[in-house]
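*Asks:* Dropping the structure in here first, questions after.
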Amino acid sequence: MHYYRYENEEVSCCYKYLMFSYNIIFWLAGAAFIAIGFWAWSEKGVLLDLTQVTRLHGFDPVWLVLAVGAITFILGFAGCVGALRENICLLKFFSGVIGFIFFLELTAAVLAFVFQDNVREWINDFFLSNVKAYREDIDLQNLIDSLQKMNHCCGAKEPDDWNLNLYFNCTVNNPSRESCGVPFSCCLSDPADTVLNTQCGYDVRNGPKGVWSNAIYVKGCIPALEEWLPRNIYIIAGVFIVISVLQMMGIFFARTLIGDIEKVRFNYY
């Protein structure tokens, strides 16, 4: 007696290992993000005092790293194991979550375009709330400094926004040495400087506003962002398209593999 196994009764090895390869990268990347997040928390002593996790002094960038890492790790795990074990439940979970994330991204883009004024106000309030917490978290401090240096800006709408911070507040009763100043990231950069001057923003706002532009950036980060977006709209669109294509590829691999598995099981039974 001879047995024949037709090609359409086999799970495609091509899609199976493409799916596995596609997800192993995300699985490893997710694990790396989680490790980096916990390392950052250990450097700040959060792991030694977990009550610090509930003390919300502004936005902690580590939360974003951990969230992205956890989602990426779970999806990568589901995709890898689902492909190798031909597990339909895991593959459906993977494709469903990827599809939901894509829907959220598309919805967020549409809402941001339609409600531009509300988004602008929300970003402004978010930035100001984190200006208040500038000295409370080293990661938040580095994030704000990076944004101000890269965009050549200071504060949300103007340098005086730093009055919201306890250390930079410009009042007579403020004992801080940084009173009436701004962070060093607001200072005009000189290519000739080889040593970073972290005190360059001291007492800058003590003088008249007309001379501030000689020492610091006077444009706020929200207006700077509004100017940056139109200049880089093609780059932003390109990144969104690449991410969308990758997500669609993942969904295509998963659904194709699910179809093959179901066909084999149907023919088997």
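Cβ atoms are placed via backbone N, Cα and C, with glycine included.
Just so you know, TrEMBL annotations never went through curation; they're auto-generated.
TrEMBL feature annotations, pasted as is:
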type	residues	note
TRANSMEM	20-41	transmembrane segment
TRANSMEM	61-81	transmembrane segment
TRANSMEM	93-115	transmembrane segment
DISULFID	C154-C170	disulfide bond
TRANSMEM	233-258	transmembrane segment
*Asks:* Among 20-41, 61-81, 233-258, which stretch has the most Cβ pairs under 8 Å to the transmembrane segment (93-115)?
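*Replies:* Ranked by Cβ pairs under 8 Å, first place goes to 233-258.
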*Asks:* Among all the protein chains here, how many other CB atoms are within 10 A of the CB of C154 (disulfide bond)?
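*Replies:* Excluding its own Cβ, C154 (disulfide bond) sees 27 Cβ atoms within 10 Å.
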*Asks:* Under a criterion of Cβ-Cβ distance under 8 Å and sequence separation of at least 6, what residues of the same chain contact C170 (disulfide bond)?
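*Replies:* Spatial neighbours, sequence-distant, of C170 (disulfide bond): D160, N163, S179, C180, R205, N206.
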